[in-house]
Amino acid sequence: MKKTEFLTGSFIALTLVVLLGVFFFQALFQPSYEGKVMPIDNVNLKDRVSLHYVLKNVNDASKYLATNGMRYFNNRSSVPSKTITFGKTKNLEEGSANEVTSIVVNYRGFDTLGEVTVLFISIIGLTMLIGGVKEKKLRMPSVIVRTGSKFLFPFILLFGVYIFIHGHLTPGGGFPGGAVIASGFLLLLLGLENFKFNTTVSKVIESLAGVTFVGIGLVGLFMKNSFLANFIPTGTIGFLYSAGMVALIYIVVGIKVGAELSTGVAELKEGNKND
Amino acid sequence: MNMNYALLLIAVPLAVAFLQPLFGMIGKKITKWVTFLTFAFNFAYAISLLNFVTANGPQIAVIGNWRPPFGINLYLSTLSLFLATIIYFVGMIVSFYFIGIKDKKIDDKLSLVMLLVVGAAGAIVMTGDLFNMFVFIEILSIGTAILIASRDKGMSYKGALKYMIFGSIGSAMLLFAIGFTYGTLGTLNLAEIALRFHEINPTLASFIVLLFTGGVFVEAELFPFNMWVPDSYEGASPHINAILSGVVSTAGIYAIMRVFMTVFGINIGDKILIYGKLNFNAILIAIGVITTIIGELSALTQKDIKKILAFSSMAQMGVIAFAIGIGNQTALTGGIFHLFNHAISKALLFLVAAMIIRNVGSSNIDDMEGFGRHNKFLAIIFAIGAFGIIGIPFFNGFWSKMYIIDGAVMRSTPWTYFALSFILGAALVEVFYYFRIIYKMFNDKKITTKNRIHPFAYISVILLAIVVLTVGIYPSLFSNILNSASAGIFDRVHYITTVLGMGVLR
């Protein structure tokens, strides 16, 4: 790159940054006026769509919006809501006790399908571009690592599976659970000298899990007339067998993410054997 | 017709992409065929939906049975489905061309990424949710970087890295814009934002608009976020470039149109102005003019055919941004029409360029001297595409540029005339460098050619050339669709009531 080109580029970038900075500070320190909304000095957490996700009264809110119109936006919390008791309330519109899961997988489940795809395409790109680099001779792992990794592996696997199976009850879910499983395989790859990870099997598992996710959505489309609609009874909140398809989707996501990250780690270490 | 089934347009490419590794184990050719068939299905289905929507007005598709603004919805208007049809059509043609290329090591993964990029672009033009748009823009930009890098030469890695940097900065800015929007209005639904955007403090509104600019200008190849264009286009394979300019920039321009006009805009008289303290319409006109001038002048200085076409593509995006900045319906109709023409003609030009490069063995236009004498057919097809982009009368670009000029004259302020004069001057430059290539091709000179060209490549460029000629001779073919599409951007109240229900204005 020529020096003049570089200077022009820097100048443009600097101008943009200064422009944005001026606007940002103006917005920060300007008092709200004429009743216009400012995020900084007047944060009202009840004035968000997520209020209904927490109270699990989205269907009521839809009805309220249809009858009251513009008045709804001025006062979201006037939508009627029921008290929900952990372990007792049955057949809610959305049955997972973990609020984050209910938003991520159910209310905005389509975004999660997108995020799963983002991870999928990133791993594809990573293995396609960097995979197959020649393996460097690593130092032989010590006895403690060798024994310890063999000993710990089943427990790590179990922990990962626990995280994604309980995704609708406790913090965590498909993505962290899958990452934990992949870390178990990473430990084996680093700790054991002659451990061979079968990428073909993991790719098959990953593909099938991904298709199952879309398939669950399609079953919703054919049974309940809407993509990713819940078609399984939600059960009692707080129980393991509850939350309908949310639990199912998180299991699928966990398996997919685990297989995907393990494939990525293994291919980075050993190179892409299939090609 | 049940509109919720429109989700198949997004779900099918995703499901097939997840299955592609399994197909790849059987054979690389199969993955290419599967990609092509998926696009063909999407194209056919999108056309049937487009007919329905043009006849019956915009519809929404609800996801997960959560009504908007609480859940995610798709907004299926004439504009969305028209652009989706273009995107799937270009994807179909390019994947058909891709079948004819000799199999390389990574082609199974490449057809997978192609499927996801085109599928994500289709999702961007249909979604009715800001964060959902962000997720698909993410897929689009990661996938595009992979496609650029896939040629496995030093230049392509450089281009991909540049695109990655711009793309990730743009995504980060877009995320901030979404954060501020959610922080103030408490919603991510485009219709609800459109209903209540004027409640935001004007300074903050301009800030959000500026941040949003960063996110979508990268994909739309607009100044100052288009520095990646020359390197990435030069590095990538030519048929990938057809996807870059036909699919990726189409999705980017749609995001600008929909979000800046329908969501951030306010109706004033016969035009839409973007709400906020800054006069963003004037900025958009200025950006359009600057992009056009930079693009055309840089194309003039280049010898590499891929770079020439890349800069030309950038310049056309500038013309469309100018049309959006003008902000009245005639100009917008022209902008949408020009988007269509650009996608088809540029895909045609890049595919022909790919065949010529393959035949001649070099992408320098000096080495192509005399190619027209050797292979008249391909040179004529190239000329058709070039005439379409330039806007020679009775080719498609003529009519869309006419619309844009008409709209700019209707606005009739001194500044628009001034800007228009620059756009027209830049168009003259465009005439010069395209004719220089055509002249060189028909020069009398013996030429030796290397590789044979697969018949599939011929079929795909002939299909595109037929579209270019048909639209050029019968421009009224789409006038119904185009008018309905630009009216859809203008009728903001209709957008809001379609998504949120009639009761919302009470």
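A Cβ is built for glycine as well, from the same backbone N, Cα and C atoms used for every other residue.
Whatever TrEMBL says is automated annotation, not expert-curated.
Same-chain residues lying 6 or more positions outside the domain 'MrpA C-terminal/MbhE' (A:90-126) and placing a CB less than 8 Å from one of its CB atoms are 50, 53-54, 56-59, 84, 167-171, 173, 206, 210, 213-214, 217, 227-228, 230, 233-238, 242-247, 249-250, 253, 256-257, 260-261, 263-264, 268. Under the heading domain 'MrpA C-terminal/MbhE', TrEMBL lists A:90-126.
If you look up TrEMBL, you'll see A:144-262 marked as domain 'Na+/H+ antiporter MnhB subunit-related protein'.
As annotated by TrEMBL, transmembrane segment applies to A:7-29 (among others).
According to TrEMBL, the transmembrane segment annotation covers A:112-130 (among others).
The transmembrane segment feature in TrEMBL is assigned to A:151-169 (among others). For the transmembrane segment (A:151-169), the residues of the chain that approach it from at least six positions outside its boundaries are 95-98, 101-102, 105, 176-181, 183-184, 187-188, 238, 240, 242-243, 246-247, 250-251, 253-255, 258, judged by C-beta separation under 8 angstroms.
Sequence-distant contacts of the transmembrane segment (A:175-192), counting only residues of its own chain at least 6 positions beyond either end whose CB sits under 8 Å from a CB of the stretch, comprise 141, 145-146, 148-150, 152-153, 156-157, 159-165, 167, 250, 253-262, 264-266, 269. Positions annotated as transmembrane segment by TrEMBL: A:175-192 (among others).
Residues or ranges marked as transmembrane segment by TrEMBL: A:204-223 (among others).
Only residues 6 or more beyond the boundaries of the transmembrane segment (A:229-253), in the same chain, are considered here, and those with a CB under 8 A from a CB of the stretch are 84-97, 101-102, 105-106, 109, 112, 116, 164-169, 173-175, 177-178, 209, 212-213, 216, 219-221, 223. If you look up TrEMBL, you'll see A:229-253 (among others) marked as transmembrane segment.
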Review point. In the domain 'Na+/H+ antiporter MnhB subunit-related protein' (A:144-262), how many residues does DSSP put in helix, strand and coil?
Key: 84 helix, 2 strand, 33 coil
Exercise for review: Calculate the per-residue pLDDT averaged over the domain 'Na+/H+ antiporter MnhB subunit-related protein' (A:144-262) and state the result as an integer.
Suggested key: 87
Check your understanding: Per DSSP, how many helix, strand and coil residues does the domain 'MrpA C-terminal/MbhE' (A:90-126) have?
Key -> 27 helix, 1 strand, 9 coil
